[in-house]
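Enquirer: Okay, here's the structure, questions in a sec.
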Amino acid sequence: MKIGNLIRLVIFGLLLVFLIQPELFAGFFGLFTKNNQPAIYNQGSLLDITLNHLGIVAAATLASTIIAVGLAIVVTRPFGAEFLPLSRSLANIGQTFPPVAVLALAVPMLGFGTAPTLVALFLYGLLPIFENTLTGLTNLPPAVTDAAKGVGMSGWQRLIKVELPLALPVILAGVRLSVVISLATATIGSTVAARTLGEVIIAGLLSSNTAFVLQGGLIVGVLAVLIYDALSALERFLMKRTGQLGRA
Amino acid sequence: MSIADTAVPTHRPRWLALDKLGVMIALIAIAGAALPFALFRANRIVPGETRSLLDALPTFQSTLLIIFLLVGFVAALLRVPVRAKLAVGFVVLAALFILVGQSATYLTPPDNTFARVSPGAGFWLLVFAFALLVTDALTRLRFAPLVRIGILIVVAAAFALLLWSGSWNDLSMLKEYATRAPAFWAEARTHLALAFGSVAIAVVIGVPIGVLCYKVRPLRAAVLNTLNIVQTIPSIALFGLLIAPLAWVAANVPGASAIGISGIGAAPALVALFAYSLLPVVSNTVVGLQSVSPAAVDAAKGMGMTGWQRLAGVELPLAFPVILTGIRIVLVQNIGLATIAALIGGGGFGVFVFQGIGQTAMDLVLLGAVPTVALAFAAAVVLDALVEMTSRGGRRV
């Protein structure tokens with residue numbers, strides 16, 4: 001665990017140095033270029049592009065978390081129970097739509113740029129969070145919910161004070177899945193002119209410059225692994241706090 | 001007073017009550033009926049003019065469609081039996097799909113080959129509303145797996161009939177198809193080969209790796225973590241990164257280029273799709289083998305089965321539904337991901353999607369996107385049914 005964290009810290013440090021001073025790594029990426037191609041992406045600051053990439057992913061994930069958790073709460077209440085089977089099927093069907101198709105079809109409505117990417121990421125992010133929130137809210141230990149009813153808590157109080165806190169680690173696992181998928185999918189957004197790290201990769205593909213493809217892919221991959229690990233750690237912490245470690 | 005209140009529902013027939021979901025479907029349908037049914041453009045590129053439901057069809061047909069929509073509206077709103085909702089939903093969808101083709105024929109001026117008619121936002125919303133009705137009914141009815149596959153075949157046959165009859169030929173998407181029919185079928189073959197080929201290779205290689213990880217504990221975390229990291233590499237980067245090594249292999253390994261390996265094209269796409277498929281296949285194999293009950297393994301041991309016999313005769317068959325779930329995940333995922341292959345010259349339906357984005361010709365995007373979604377959807381239905389059929393005793397995976 002200690003060594004793992006040290007490695008993560010070193011990788012994070014390397015990533016930061018690379019984003020701020022990419023020229024320091026020109027020697028390494030130069031190994032992958034031919035015919036004096038530039039070794040470091042030269043059509044914009046990598047730091048800006050990365051921050052923009054993260055911003056798009058964060059905004060989309062925040063929106064999908066709010067909507068997906070809200071929907072899951074509605075369909076698990078007695079009022080919305082009629083929507084539960086349909087919402088499950090819809091979440092399943094939604095996963096069969098390829099991201100490229102969603103992006104391309106959002107363009108006529110929203111124009112080129114960031115907007116269609118946000119919409120596509122938002123839609124893709126919904127599914128894992130919704131599924132996990134449903135699992136979290138429907139698999140609570142009956143003893144706990146009965147006890148909450150027994151002490152006279154109203155439906156709202158049970159939801160806020162008992163059900164959501166207990167389901168939080170499972171919900172967070174959904175958010176984690178959703179973030180990792182979005183980080184990779186956001187690169188496809190560059191095919192409709194969104195400013196993400198896909199821009200670097202596509203520039204590399206178009207000029208057959210492997211160094212560009214490699215640095216774009218590496219930044220996204222490293223970010224995904226670091227964010228995945230950080231959220232996993234947060235989940236473990238929350239599970240420990242609610243005394244659920246080992247239950248799930 | 002309170003007695004009268006509680007007595008009322010028993011006198012009223014059960015179906016004469018509002019369905020909450022139906023209210024939502026009805027609201028979407030109203031919006032759909034109000035929005036333009038079709039879009040008319042003088043040529044392929046110019047912005048379209050909208051045509052409402054009344055203008056998009058001859059009087060007889062538009063009246064007919066409105067009657068169908070009203071029936072569907074009532075069936076959605078009231079608590080009629082679910083089978084009735086399903087039947088009405090299918091009939092309204094069929095009417096919509098047949099009439100949108102007729103609308104295209106009606107709106108296209110005679111002998112004008114430049115004019116384009118495509119379905120409008122209203123049409124799509126109406127389809128969405130009644131597809132919701134059908135989906136909800138199908139979910140509630142919980143048909144047996146074979147019945148679900150049967151329904152899928154009937155629906156696919158109905159669409160094939162519509163396409164074959166030529167009644168959709170005036171729709172813009174079909175006009176895009178008409179000018180590139182041979183390319184369409186070539187890309188379709190490539191797309192299928194990429195998606196199914198990569199999954200087949202992943203199964204042949206992934207299941208043994210999964211068995212190995214199950215038997216050799218220390219390997220498990222290392223292999224699964226490595227495959228997890230592969231999943232985080234964005235697809236377009238992985239496709240791109242494979243270009244250089246495969247070009248090297250093609251140039252330096254005798255016979256490699258003869259069997260079609262090269263830096264750009266289908267080879268890197270196939271390898272990338274294979275790499276993405278490995279994690280779900282391997283991890284589901286491990287999970288499936290772990291979930292085999294120890295009693296079954298003990299019984300097999302008691303009968304004197306060797307390790308290999310146990311694996312082939314007991315453990316793998318019992319783990320099969322879980323492994324199949326993994327295959328379902330990667331097949332649906334790869335049918336979608338194969339669209340990206342077009343970016344590196346790998347072909348597939350993505351070719352039309354990216355050409356369409358480049359020319360801002362949305363009908364061309366649809367020509368690539370619709371078959372992809374339909375394929376992924378069909379694969380999901382068929383494999384879900386297979387998973388259910390193979391999990392004995394109705395156990396849900």
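In case you wondered, yes, glycine gets a Cβ from its N, Cα and C as well.
As listed in TrEMBL for this protein:
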TRANSMEM  B:21-40  transmembrane segment
TRANSMEM  B:60-80  transmembrane segment
TRANSMEM  B:87-107  transmembrane segment
TRANSMEM  B:113-134  transmembrane segment
TRANSMEM  B:146-164  transmembrane segment
DOMAIN    B:188-388  domain 'ABC transmembrane type-1'
TRANSMEM  B:192-214  transmembrane segment
TRANSMEM  B:226-250  transmembrane segment
TRANSMEM  B:256-279  transmembrane segment
TRANSMEM  B:335-358  transmembrane segment
TRANSMEM  B:364-387  transmembrane segment
Enquirer: Take the transmembrane segment (B:113-134) and find every residue of the same chain, 6 or more past its ends, with a Cβ under 8 Å from one of its Cβ atoms.
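Expert: For the transmembrane segment (B:113-134), the far contacts come to 21-22, 24-26, 28-29, 31-44, 48, 50-53, 56, 69, 72, 75-76, 85-86, 88-90, 92-93, 96-97, 100, 103-104, 107, 170-173, 175, 362-363.
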Enquirer: Rank B:21-40, B:60-80, B:226-250, B:335-358, B:364-387 by Cβ pairs under 8 Å to the transmembrane segment (B:192-214) and hand me the top one.
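Expert: Between the stretches B:21-40, B:60-80, B:226-250, B:335-358, B:364-387, B:335-358 has the largest tally.
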Enquirer: Test the contact criterion for the transmembrane segment (B:364-387) and the transmembrane segment (B:146-164): 3 or more CB pairs under 8 Å, pairs 6 or more apart in sequence, then answer yes or no.
Expert: yes
Enquirer: Can you find at least 3 Cβ pairs under 8 Å between the transmembrane segment (B:87-107) and the transmembrane segment (B:335-358), where each pair is 6 or more residues apart in sequence?
Expert: no
Enquirer: Quickly jot the same-chain residues contacting the transmembrane segment (B:146-164) by Cβ under 8 Å, restricted to those at least six beyond its ends, or write none.
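Expert: Residues packing against the transmembrane segment (B:146-164) from afar: 94, 97-98, 101, 138, 174, 378, 381-382, 384-385, 389.
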